[in-house]
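A.B. asks: Below are the structure tokens for one structure; questions will follow.
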Amino acid sequence: MQRISAALKHRVARNTAALGTIQLSNALLPLLVMPYLAHTLEINEFGTFAIALALIQVCQVVTDYGFTFSSTYYISQNREIPDLVNRHIGNVLFAKTLIAALLVATLLAYDTTTKTPHSTIIYISIVAIIFQALQPNWIFQGIEKMFLVTISTLSSRAIYIILVLALVKHTNESALALSFWAGSIAVGTSISYVLLKREGFSIIRPSLRETVEVLRNGWAFFASRVAVSIYTSANTAVAGIGGSVQAAQYSICDQINKGAQSLTNPLSQAIYPYMAREKNWKIFFIATTALAVIMISLALTIEIFSTEIVNMLFGSKYENSVPILSTLLLTSIISFFGITFGYPAYAAIGNSRIPNLSVILACTAHLVGLLTLYLNDSLTALNLARLTLLTESIVAVLRVSGVATHFIKRDFYEKH
């Protein structure tokens, strides 16, 4: 009993719990809203809303630039030296601002040159992109106080849900729903900076030389994250090539899938700084095994009742999405092992080359698959889900094999 109590008090357990709460709010709370929007909005309007959310998520990957990994690692190693951390914060935020400015300029140029009928959606998306670029979650992750992010995340998500349920009442109000999402991000970011100041951190004026250095240090992680986003976050937008209906069908299944993944993904985020510092493989394998059992059990349960779940949450007009959901559930199990045996494991090994290389190779395969589907006029939501399953399998096999090879080599050298 004492060992269980000690395990629950371990900082990895505490940060996993905090990150789990954040992931649950990011995945499950939208499940309170998405069914409502699916019923309220026309299917094309809902598809437009889903594509905009996917665009915002892809831009989040770009503005993050891998700082979630590179800066988390830096802060975890230097958190006892406030001056270094504060200077690093200033440089990273300056870099993220520059990247966000490039994205905003690109979107505005697209709106001006194409005269798209969705200008309002683009402007609202820009607001969301700017505020999410400035989110300081990576700082709290580095100092292993993710419970502080939980406060801002839950507050902002609650505001979003209340506003959508109270004010979105007509079939053509996708822009209104998106504006509430952008507003909630702005509120969450503002709360985070108040909490950051209370922790004693500040933003030191950035140095151009040091900003270039943090960009250089984060480049490998950035390339990896962009590659991942191509076969994850961008999928709803890609499905939109086949029309808003395809995007809507893929989006609702992706939301259910993310809800399942939210129970396990926090482990990789919480254990990353811990493994970088402590290299405790026993904790790693215990936590991975326990959460794998939970993930597989949950996915099987959702699969058994998939038709009932889709009909109950989104309505019978989305029943054709069930095969997509089944495919994504299997993908989520494979993805769990790929994520867990990714940066957290290789932080302890001291080599991020294999995680980065695995996603670049998988992304290349995914792009070839997308091109093949497009040229054969087969780019449907279901085929996209099947392709994603194949892509995630490539990542998982390469990463798990790399860790296994590390232990085989280590044991060999110890014996000889």
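Heads up, residue numbers simply count up from 1 along the chain you see.
Heads up, the Cβ atoms here are built off N, Cα and C, so glycines get one too.
I grabbed these lines from TrEMBL:
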- 12-34: transmembrane segment (TRANSMEM)
- 46-67: transmembrane segment (TRANSMEM)
- 88-110: transmembrane segment (TRANSMEM)
- 116-134: transmembrane segment (TRANSMEM)
- 146-168: transmembrane segment (TRANSMEM)
- 174-196: transmembrane segment (TRANSMEM)
- 283-302: transmembrane segment (TRANSMEM)
- 322-345: transmembrane segment (TRANSMEM)
- 357-375: transmembrane segment (TRANSMEM)
- 387-408: transmembrane segment (TRANSMEM)
A.B. asks: State the non-local partners of the transmembrane segment (174-196) in its own chain: residues 6+ outside its ends, Cβ under 8 Å from one of its Cβ atoms.
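C.D. replies: Residues 33, 37, 41, 45-46, 48-49, 52-53, 56, 120-121, 124-125, 127-128, 131-132, 134-137, 139-140, 148-149, 151-153, 155-157, 159-160, 163-164, 167-168 contact the transmembrane segment (174-196) from elsewhere in the chain.
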A.B. asks: Count, for each of 88-110, 283-302, 322-345, 357-375, 387-408, the Cβ pairs lying under 8 Å from the transmembrane segment (116-134), and report the range with the highest count.
C.D. replies: 88-110
A.B. asks: What same-chain residues lie close to the transmembrane segment (357-375): Cβ under 8 Å, and 6 or more beyond its ends?
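C.D. replies: Same-chain contacts beyond the flanks: 223-224, 227-228, 230-231, 238, 241, 338, 342, 383-384, 387-388, 390-392, 394-395, 398-399, 402.
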A.B. asks: Who are the long-range neighbours of the transmembrane segment (46-67) in its own chain, taking Cβ under 8 Å and residues 6 or more past its ends?
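C.D. replies: Same-chain contacts beyond the ends: 37-38, 92, 95-96, 99-100, 103, 118, 121, 124-125, 128-129, 132-133, 138, 174, 177-178, 181, 214-215, 218-226, 228-229, 233-237, 240, 243-248, 250-251.
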A.B. asks: Sort out the residues at least 6 away from either end of the transmembrane segment (322-345), same chain, that have Cβ-Cβ distances under 8 Å to it, and list them.
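C.D. replies: The answer is 69, 249-250, 253-254, 256-257, 260-261, 264-265, 267-268, 271-272, 275, 284, 288, 291-292, 295-296, 299, 302-303, 306-307, 309-310, 352, 355, 358, 381-382, 385-386, 388-389, 392-393, 395-396, 399-400, 402-403.
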